[in-house]
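Quick notes on the structure that follows.
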Amino acid sequence: MTRWPSPAKLNLFLYITGRRNDGYHNLQTLFQFLDYGDTVLITPRMDGELRLVTPVEGVAQEDNLIMRAARLLMARARETGRLPEGAGADLGVEKRLPMGGGLGGGSSNAATVLVALNHLWQTGFSEDELARLGVQLGADVPVFVRGRAAFAEGVGELLTPASPAEKWYLVAHPGVSIPTPVIFGDPELTRDTPVRSMETLLKCEFHNDCEHIARKRFREVDAALSWLLEYAPSRLTGTGACVFAEFNTESEARRVLEKAPEWLKGFVARGVNHSPLQQAIAGQTESW
């Protein structure tokens, strides 16, 4: 069995700049990885089978993102004559990231499967090819495939490499799961934030346009942010439900975590501009 890191991400800022004709929203956001996340487990098989060894309660196997990613890569490799005879895999995930938390867990899992199976099966797809497969699974998957902090536009698929400060974060989960459509479907969501350049946005104070909706509709999110803001600059990540506070040192973040009320679960992690997955592929590190 091989173990592969599947890191979390934070949206350091998130602005909604318009609604598209297809119902999706245009946005501008800044992705950064954390040195914390899930672990994807892969055991190569030689009988051509793909098996899920860690089912997720409430998620049908055909809807599971790691299985969808594996089937997508297998199909593309077969179409292009790159699939080794008998290539298959047992697939699983050790979950640490909450579902519906805004940390990108499912997208990260899918990207890790694409990148790791491409490596294990030696199918030879380029980063661009894997990213094009990934966007079929979700708008956030390409940033995890590419493994570099990025400024994203469009629906999140147009990526420009970025190098935000690698700060320490206390990431807290308020104990609720927020489906993305709940936030994007709210009539009070800000949808007309002016489009600005990456250079301009990096100089401004960071905000998340989804935050006021999450706080309005989920009192747990409001309470978590109110508590964190007593100690440090804090924001919602993605559409929630997770929130985060930023610190200059690990010790500062851990001191605040020790004071957290019982109802607020969290962890401390460092923001990193290069994904632990890419380091694992390069043989520079093992999974956490």
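Keep in mind that glycine also has a Cβ here, set from the backbone N, Cα and C atoms.
The active site feature in Swiss-Prot is assigned to LYS9, ASP140. Annotation comment: Swiss-Prot describes PRO98, MET99, GLY100, GLY101, GLY102, LEU103, GLY104, GLY105, GLY106, SER107, SER108 as ATP binding site, evidence class sequence analysis.
Feature map: Swiss-Prot annotations on the structure.
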{"residue": "LYS9", "record": "active site", "Cβ neighbours (10 Å)": "27"}
{"residue": "PRO98", "record": "ATP binding site", "Cβ neighbours (10 Å)": "19"}
{"residue": "GLY100", "record": "ATP binding site", "Cβ neighbours (10 Å)": "19"}
{"residue": "GLY102", "record": "ATP binding site", "Cβ neighbours (10 Å)": "30"}
{"residue": "GLY104", "record": "ATP binding site", "Cβ neighbours (10 Å)": "28"}
{"residue": "GLY106", "record": "ATP binding site", "Cβ neighbours (10 Å)": "25"}
{"residue": "SER108", "record": "ATP binding site", "Cβ neighbours (10 Å)": "31"}
{"residue": "ASP140", "record": "active site", "Cβ neighbours (10 Å)": "24"}
Between the Cα atoms of GLY102 (ATP binding site) and ASP140 (active site), what distance do you get, rounded to the nearest Å?
11
Inter-residue C-alpha distance, GLY100 (ATP binding site) and LYS9 (active site) (nearest angstrom):
13
Can you list the residues of the same chain, besides PRO98, MET99, GLY100, GLY101, GLY102, LEU103, GLY104, GLY105, GLY106, SER107, SER108, whose Cβ falls within 8 Å of the ATP site's Cβ centroid?
ALA8, LEU97, GLY238
Taking the Cα atoms as reference points, how far is ASP140 (active site) from GLY104 (ATP binding site) in Å?
7
When distances run from the Cα of LYS9 (active site) to each of the binding-site residues PRO98, GLY104, GLY106, the nearest one:
GLY104
Using DSSP reduced to three states, classify ASP140 (active site) as helix, strand or coil.
coil
GLY106 (ATP binding site) - helix vs strand vs coil (DSSP):
helix
If you run the three-state DSSP split on LYS9 (active site), which class comes out?
strand
